[in-house]
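Summarising the annotation, TrEMBL assigns region 'Disordered' to 1-33. TrEMBL lists 44-437 with the feature domain 'Amino acid transporter transmembrane'. Here TrEMBL flags 80-102, 139-161, 173-191, 198-221, 233-255, 267-291, 315-337, 349-373, 379-401, 422-446 as transmembrane segment.
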Amino acid sequence: MQPQKQAEEAIVSSFNQTDHHDDREEEEGPDHPSAFSLTSFLWHGGSVYDAWFSCASNQVAQVLLTLPYSFSQLGMLSGIIFQIFYGILGSWTAYLISILYVEYRSRKEKENVSFKNHVIQWFEVLDGLLGPYWKAVGLAFNCTFLLFGSVIQLIGCASNIYYINDNLDKRTWTYIFGACCATTVFIPSFHNYRIWSFLGLGMTTYTAWYMTIAAIVHGQVEGVIHSGPKKMVLYFTGATNILYTFGGHAVTVEIMHAMWKPQKFKYVYLFATLYVFTLTLPSATAVYWAFGDQLLTHSNAFALLPRNKWRDAGVTLMLIHQFITFGFACTPLYFVWEKVIGMHDTKSICLRALARLPVVIPIWFLAIIFPFFGPINSAVGSLLVSFTVYIIPALAHMLTFRSATARQNAAEKLPFFLPSWTGMYVVNAFIVVWVFIVGFGFGGWASMTNFIKQVDTFGLFAKCYQCPPKVSASPPVHH
């Protein structure tokens, strides 16, 4: 038994020390300073800091602009409480996903499985740990969520640019930005988002603090009313938008796989969330304080903030950031599609880019059909995010470690703040029950009711959703 034990320790040690690159041998970790170049510094990321930037940048994009809208539905106190609550829940389930990834990876490494030229994805983790049925469920929910997540970014681009240039309607802008976002097919993997993640987080930081300062400087509008929560439908619609906000870790496994040492990811998402709180809480609170119930009919905060160079800068930066976030959401879909058509091992960037293009077309089409910026977030949050990033990871963790042997041989130890398997199961069970009843149940009812109302009011393929009517110059009167 001793030689076998030593062999297993050697395999685990090898896993802990190996640089985990997606498929490119030339990418080297921090232990290879001789390989440094400006290109590798900007293009090849795999450190803990890269993962933190990726998580924080990906977590808030266009949703930052809809949180004041959610506050108008929820009221100030509930808005703050739900942000903190779902932020903690999201960090916990991201932690569970990281544990399951390491468990899957360590088991496969012991079987001498090589992941060279292969990016591990969430549905493969479920398949390896729980079997093909879980793989099918994970694949369906994850891909659908990422599909609509990309749709939301595209809708957000059209909604934002309209506040700088309203010469074109939002639908036309959607056509234009769909073509622009299609260029993300040339970004090979999450290794290559290093500079984009850094810039993206800077852009959302500027926009969040611009919103906060601009709202305070503007002051409260005359006769401002803060009536939320007013209706149950609006209350749960707002709550599910916040659930969506902190459920952005559908790409957690891909970000982990891009790390040189994935085991260090465990608390990355928590620290990313803590930073995100400094952006979302002040901005949503200040804008709701200033404009109150006006936000109920203006789901994009830019619509109410005074137009000046600072606002235009915020709009421009958010447009660039939404392009980045579109890539974040789409890249796992690109990987899935490559695996389906047998192109995932191809080293040519141009061939892979060409193969990925069909993924962008349905996203483009759906963004034109459902241009409902704001309400679509809540619908996606309740129907897809609730399962993809809350319920499924919690259930998967409970089932993976249901046997005493699995718990004893777990690749990762229990967290220091909850050193009890019973405690882990209690927390996971609470998440499953809460999110299923409140997020999927009440949230699904409320968000779909609101979504259907938008369809009835504006119709599918709406040319310019929530656009103010243009005042045309009256013709001269001839006497």
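Cβ coordinates come from backbone N, Cα and C, glycine included.
Heads up, TrEMBL stuff is auto-annotated, nobody curated it.
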Please identify the stretch among 80-102, 139-161, 173-191, 267-291, 315-337 with the greatest number of Cβ pairs below 8 Å relative to the transmembrane segment (198-221). 267-291
For the transmembrane segment (139-161) and the transmembrane segment (379-401), decide whether they are in contact, meaning at least 3 CB pairs lie under 8 A, counting pairs 6 or more apart in sequence. yes
Quick check for me: are there 3+ Cβ pairs below 8 Å between the transmembrane segment (349-373) and the transmembrane segment (379-401), leaving out pairs under 6 residues apart? no
Residue numbers, six or more beyond the limits of the transmembrane segment (315-337), whose CB comes under 8 Å of its CB atoms: 54, 57-58, 61-62, 64-65, 119, 121, 123, 139, 142-143, 146-147, 149-150, 153-154, 156-157, 160-161, 163-164, 177, 180-181, 184-185, 187, 189-190, 193, 196-197, 199-200, 203-204, 206-207, 250-251, 254, 302, 344, 352, 355-356, 358-360, 363
Check for me, if you would, whether the transmembrane segment (267-291) reaches the transmembrane segment (173-191) - at least 3 Cβ pairs under 8 Å, residues 6 or more apart in sequence. no
Residue list, the transmembrane segment (379-401) vs rest of chain: Cβ under 8 Å, 6 or more residues beyond ends. 89-90, 93-94, 96-97, 99-100, 103, 126, 129-130, 134, 137-138, 141-142, 144-145, 148-149, 152, 240-245, 247-250, 407, 410, 421, 424-425, 428-429, 431-432, 435-436, 439-440, 443-444, 446-448, 450-451
Cβ contacts under 8 Å made by the transmembrane segment (173-191) with residues that lie 6+ beyond its boundaries: 21-24, 27, 43-46, 54, 119, 150, 153-155, 157-158, 161-162, 251, 254-255, 257-258, 319, 323, 326-328, 330-331, 334-335, 349, 352-354, 356-357, 359-360, 363-364, 367-368, 371
